[in-house]
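For D142, the entry in Swiss-Prot reads active site, proton acceptor, with the evidence type sequence analysis. For I24, G25, E26, G27, G28, M29, G30, K31, V32, K47, the entry in Swiss-Prot reads ATP binding site, with the evidence type sequence analysis. Marked as compositional bias 'Basic and acidic residues' by Swiss-Prot: 290-299. The domain 'Protein kinase' feature in Swiss-Prot is assigned to 18-288. Summarising the annotation, Swiss-Prot assigns region 'Disordered' to 290-327.
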Amino acid sequence: MRTPDTDEYVGKTIAYKYRVEALIGEGGMGKVFRARQLSLDKVVVLKVLRHTLLSDERTVARFQREAKAASRLNHPNSISVLDFGQAEDGALFIAMEYVAGQDLHQILSREWPLNEGRVVRIVSQVLSALSDAHGAGVIHRDLKPENIMVEPRRNEPDFVKVLDFGIAKITDSTDDGPALTRAGFVCGTPEYMSPEQARGSQLDHRSDLYAVGVILYQLMTGLLPFESDSAVGFATKHLTEEPPPPTRRRPDARISPAMERLILRALSKNPADRPASAEAFKAELQAVDKERRRMDSAPRRSANSSAVLAPLPRKSAASPQSDVRDATLPGWGNEVTMEATVRALPGVLEPLPANADAMAATRETTDSLVHTQPGAGGSSGVAFFFKSLTILLVVAALGFFAYYFFMGAGSGGAQDLPYALPTNAPVPAGANNSAVGASPDVPLYDRAIVSGARNVERALDVAREGDKALQRADVGLAATKYREAFSRSGDPELALKLGEVYWHRQNPDKEEARGWWNRHLREQPASKARALIEQRLNGAVAQPTSP
């Protein structure tokens, strides 16, 4: 004899309005079917509770809770509940919109690695759905890749739907019925549980943000932040262990430093150290992506370009590969050498001359000579010879001018800059004093940047001002801007830049450079710049006490 828990529903009509077409999944609580709503000829999903559970008051209440929680939500990225009712045989069902896609777990299994831009698009939509849910007083409590559906839409190849509010918590006083949780009661999926959830403590919306941090970690690395063979093992690690940085788990993955910092902040044990809300989390995530796109669109020097003059000679000898920039931009997954980072700092090793307008005019003249091709006939060959000679003389003159300007002339030695670089300034001008958590006599590179003072978007804007100053050879202003940006973000790539600025000034400040490079290495232990830094400082890079 067949029981109601078999797939006997397929081909039948439930509640006189849903014709069941196929079984598409099942779990401990029931089965999930694809069905067609007859009155609208619309495909829907039916979740049917098992008959054997109808006598369990808590399970029935949980099933009703899912319908109630999801029905409160009205957001494009949240699954919509269409109906709740009882079948002819007494089984309870929920009718929901049908999503023709795959869940995020399937995407991870089939398509990893995912590029950072795609991850940002997907997770931003998840955070939008959570922001709406949290505003409606609903905490998901079981967010994981299997509960995130992704389907292609006309204007979005990865359109997200967050589903399965089966253990959602409704936080207002209008909720009635039997309590689904009690002190010390733990529900959820252990791999994605926040520490407070694993402890059985009272939860708020920041518990969901921790789960988003776990998902982000997994999307960027293909791995969970913690590994265990048991639910208890996962819960213990969420409670007691710090997650290893994503780039340490996957040194080959393309993970920007800003993305790594955001992931680790979302995984903070203390909810107060995580992003304050889903909306704030989304804003920080999109700021990370904005900077990534800016770096991706930055002009790169072509190794094959022969139609323009080569840049002025460097002050120090360049490596044989110095004219070829790594296709990977600085700061991505620690894949770039220090030399590539130096090349990303225009003006430090190749500063403009004092009379930049004259140099631009000279380059325009020489460019026109380079682009002039020899014509037919003997006289054109002679003309081409003299034009080539002219180019060589111009380049030599420019080189001599640059050497004279930057190294000084005669026996006077190196000329000092007409301004002083800021050194060990505790807080740069324009920065917020609350941005650093130490006494004023502690150098900026040894300070902890407290979470309450972080402003990633402002830091990116200030760092761009520093880049522009560096392009104008205004090294002093560049250093000031980089320091201010660092005080707002703690970005280890800014520490690397500041080390370069102080090391390559005319009168190098090696102690200041050492301080900034130590900070970079402390934040990025696997940095590919380590070998070159230690070589420059003769192996004297000491690891300072963590701030």
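Residue 1 is the first one shown; counting continues down the chain.
Placement of Cβ uses the backbone N, Cα and C atoms for every residue, glycine included.
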Original post:
Rounded to the nearest angstrom, how far is the Cα of D142 (active site, proton acceptor) from the Cα of G30 (ATP binding site)?
Top reply: 17
Original post:
Between the residue listed as 'active site, proton acceptor' and G28 (ATP binding site), how far is it from one CA atom to the other, in Å?
Top reply: 15
**OP:** Just name the most isolated of the binding-site residues I24, V32, going by other Cβ atoms within 10 Å of its Cβ.
**Re:** I24
**OP:** Based on DSSP, name the secondary structure state of E26 (ATP binding site): helix, strand or coil.
**Re:** strand
**OP:** May I ask which residues of the same chain, at least 6 positions away in sequence, place their Cβ under 8 angstroms from the Cβ of E26 (ATP binding site)?
**Re:** V32
Original post:
Whose Cβ, among the binding-site residues G28, G30, has more other Cβ atoms within 10 Å than any of the rest?
Top reply: G30
**OP:** Kindly report the helix/strand/coil residue split of the compositional bias 'Basic and acidic residues' (290-299) according to DSSP, in that order.
**Re:** 8 helix, 0 strand, 2 coil
**OP:** Would you report the average pLDDT that the model assigns to the domain 'Protein kinase' (18-288)?
**Re:** 89
